[in-house]
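Colleague: The structure is given below, and queries will be raised subsequently.
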Amino acid sequence: MDKRNMPIGVFDSGIGGITVLKELKRVLPNENYIYLGDLKNSPYGEKTGDQVFEFTKNNINFLISKNVKLIVFACNTASSYRVEELRDMFDVPIITIIESAINTIDIDDKKILLAATKATVNSHSYNKKMQERNIKSEIYSQACSELVPHIEAGDLSQEETQHLVDSYIKKYRDKEIDFLLLGCTHYPIWRQYFSNAIGEKTKIIDPAIQIAQDVKALLENEQLSNVENTSDTAFYVTADLEKFHKNINLLLGDISKEKIKLVHLK
């Protein structure tokens, strides 16, 4: 098989990574994609680093078995733990959402609020990457532990959703935050609620926009861009196929249930 025509693998613990897939498909409409949602182990943000590392290894092994040409970590929590070790273990290019997010905020003397899962905040992965880049901005980190389960379930009214987001974010309004970084790929689904909570003077950053550009650059640099004008997307989940189908139809439009397969990973 011509490697250029092989699919791009994308994974997340649930539907959050669909926000990344949607942007990838917009920027790279001719590529083929395989999306893996590990709903069985969701949410990753409440797991230990070692657990997340094992889940991520299993996800990579599955995507490699589908002959992907590169893998996108569309999950901030998975992007927070031992990524370089994984790159050494697997012979496939890996692009992570955190590295792309850092590309977006590579500026000095700003105030940044990171909204993320508990595991991402506890890993200090954003702070470490900023130090590596010598970015001299002030970063506040806020774990928003209750958000992902409710985003996946879709069980809150608009008023309840705003109240929940406010409980995490509104207290930062008086700190004159320049950028609110959505450090979980689920959070752009509730982008307007975050904007309402922090105020209109703060710019919202969705790293999905940057990661699509980073994938495009890698494909062009490695001469891996698809040479055919046909594209296809296959979906795999480790649990809750019906719920996943309902949610992605809200995010991507009419996706046939036949496009989604249930898989059992180690």
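Using N, Cα and C of the backbone, Cβ positions are placed for all residues, glycine too.
Dumping what TrEMBL says about this protein:
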ACT_SITE  Cys75  active site, proton donor/acceptor
ACT_SITE  Cys184  active site, proton donor/acceptor
BINDING   Asp12, Ser13, Tyr44, Gly45, Asn76, Thr77, Thr185, His186  substrate binding site
Colleague: Distance check, please: Cα of Tyr44 (substrate binding site) against Cα of Cys75 (active site, proton donor/acceptor), rounded to an integer number of angstrom.
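Modeller: Pair distance, Cα basis, whole Å: 9 Å.
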Colleague: Using Cβ atoms only, which residues of the same chain lie under 8 Å from Thr77 (substrate binding site) while being at least 6 residues apart in sequence?
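Modeller: Those within reach of Thr77 (substrate binding site), by Cβ under 8 Å and sequence separation of 6 or more, are Ser13, Tyr44, Gly45, Lys47, Val52, Thr117, Ala119, Thr120, Ser123, Cys184.
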Colleague: Long-range neighbours only, meaning 6 or more apart in sequence with Cβ under 8 Å: which ones does Asn76 (substrate binding site) have?
Modeller: Ile97, Ile98, Ala101, Ala116, Thr117, Thr120, Ser125, Gly183, Cys184, Thr185
Colleague: At the level of the C-alpha atoms, what whole-angstrom distance separates Cys75 (active site, proton donor/acceptor) and Asp12 (substrate binding site)?
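Modeller: Their Cα atoms are separated by 5 Å.
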Colleague: Note down the number of other Cβ atoms within 10 Å of the Cβ of His186 (substrate binding site), including every protein chain shown.
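Modeller: Its Cβ shell of radius 10 Å holds 28 other Cβ atoms.
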Colleague: Using the Cβ center of Asp12, Ser13, Tyr44, Gly45, Asn76, Thr77, Thr185, His186 as the substrate site position, which other residues in that chain lie within 8 Å, going by their Cβ?
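Modeller: Going along the sequence, the neighbours come out as Gly14, Gly16, Gly17, Ser42, Pro43, Cys75, Ala78, Thr117, Thr120, Val148, Cys184.
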Colleague: Would you identify which of the binding-site residues Ser13, Thr185 has the most other C-beta atoms lying within 10 angstroms of its C-beta?
Modeller: Ser13
Colleague: Quick one, of the active-site residues Cys75, Cys184, which Cβ has the fewest other Cβ within 10 Å?
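Modeller: With the active-site residues Cys75, Cys184, fewest surrounding Cβ atoms within 10 Å: Cys184.
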Colleague: Tell me, by DSSP, whether Cys75 (active site, proton donor/acceptor) is helix, strand or coil?
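Modeller: Where Cys75 (active site, proton donor/acceptor) sits, the three-state DSSP reduction gives coil.
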Colleague: Using CB atoms and a 10 A radius, I'd like the single residue among the binding-site residues Asp12, Tyr44, Gly45 with the highest neighbour count.
Modeller: Asp12
Colleague: DSSP on Asp12 (substrate binding site), three-state: which is it?
Modeller: strand
Colleague: So, in DSSP terms, is His186 (substrate binding site) helix, strand, or coil?
Modeller: coil
Colleague: Indicate whether Tyr44 (substrate binding site) is helix, strand or coil by DSSP.
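Modeller: Note: Tyr44 (substrate binding site) is helical by DSSP.
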